[in-house]
């Protein structure tokens, strides 16, 4: 496939040059953001999460945003150690309010995953390390998601310095609980849909990554996730296998038998009716996979093994993105420590999830899962008690990769990177994507900044300087092309 497509380029070089000129200041801004350990899962660090929100408010004020609000979400629900623990606020702000312009809402999160140097970091996780030889910025939150969040601020600063008018109205929505379940966000979006977000025409999220390390992508789909547990309970207490082994029905044996009927060794889901709900692959979609820059070797490198179930790129990507999968996650209540323990567990809970795709209906999937597991347990004729439950579910999301948003983002990407981006889907879930689409009734674009090897949630999280600075150019260029669409 050609590395370029023909389109009318906008005169954006002055903007790109200004972003390059401001590079030292932009790196300093990210350094300040990383220095605030805004770990949402650590109650003792909640003041730091709030400090990060206030940092963003100060930045927005300096840049000329208006109608800046800190939306308080109330007390955090259990389980918590502090019953009065307050949820971090959601930061809202506007830049421009011209009724003749389109309005773009950008979402990001300012909280991060926990990180300690003792975890294996080469440097202090909350002190940004700038490796000038490799041109890499290391630090917790560098790519997930403080880099993209301050990237939007950088775009505004570059326009201000140039004296350029922003081609759209911009609304920002930055939350502080994304890494801990986005508590309160869905309710706020629903509440503000006809208030603060009333005139929004489009939502852009930069909270995902390139598929690999060399080619930018635009993401138009995410799988959903239905998470289940199977509870099997027998004896009144854990028992000694030397005394009771062979003479009672063991819950663990029942559970293993039932869980073995869910998926086979090739990854095929064995629950009847699941694949009947999957939307057929169209020729147009199938062609999108041809040009995507990916290989079996990259999968092996990412997994640290040679255990792929598929031997070619297209099959790997289809099974990661557009076919459902079932994964067994663990067994609660069973012995899992080192050494040998001859206990018969009295109660075990098996955990598994199904990644969902179009056109799987969540409720119908639940019914199929419950029917299958109930049927398989009945075949055992076991005297043990049995129950299957849905723990949580989140729907899949798929957009039109040929709409105005994606077309504008593709042009901006080509301007900056001189290559047509890959159009990708992802195997994971970003639930807020669906919430914005449903509540606001507008298109959502996933426009990633970081690479596939950035190590979000891992040790030595990083963001390449080229991705950070070119990412800012891409975000800015996108606003111009979308404003003209």
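Cβ from N, Cα, C; glycine included.
As the structure is a computational prediction, the values presented were derived from the model and not from experiment.
Zn(2+) 2 binds 109, 207 as Swiss-Prot records it, and from the list 58, 67, 144, 254 the residue named for this site is 144. Listed by Swiss-Prot as binding Zn(2+) 1 are 144, 179; the candidate from 457, 480 that the record includes in that site is 457. Taking the centre of the Cβ atoms of 109, 144, 207 as the Zn(2+) 2 site, the nearby residues of that chain (Cβ within 8 Å, site residues left out) are 108, 145, 148, 149, 178, 179, 206, 456. Residue 111 (active site) has 178 as its nearest neighbour among the recorded positions 144, 178, 207, 457, going by CA to CA distance.
Here the binding-site residues are 144, 207, and the one with the most other Cβ atoms within 10 Å of its Cβ is 144. Cβ-based crowding with a 10 Å cutoff singles out 109 as the top-ranked of the binding-site residues 109, 457. Excluding the listed site residues 144, 179, 457, the same chain places 112, 113, 141, 145, 178, 456 with Cβ atoms within 8 Å of the centre of the Zn(2+) 1 site Cβ atoms.
Under 8 Å, Cβ to Cβ, and six or more positions away along its own chain, residue 179 (Zn(2+) 1 binding site) finds 39, 40, 41, 109, 111, 112, 113.
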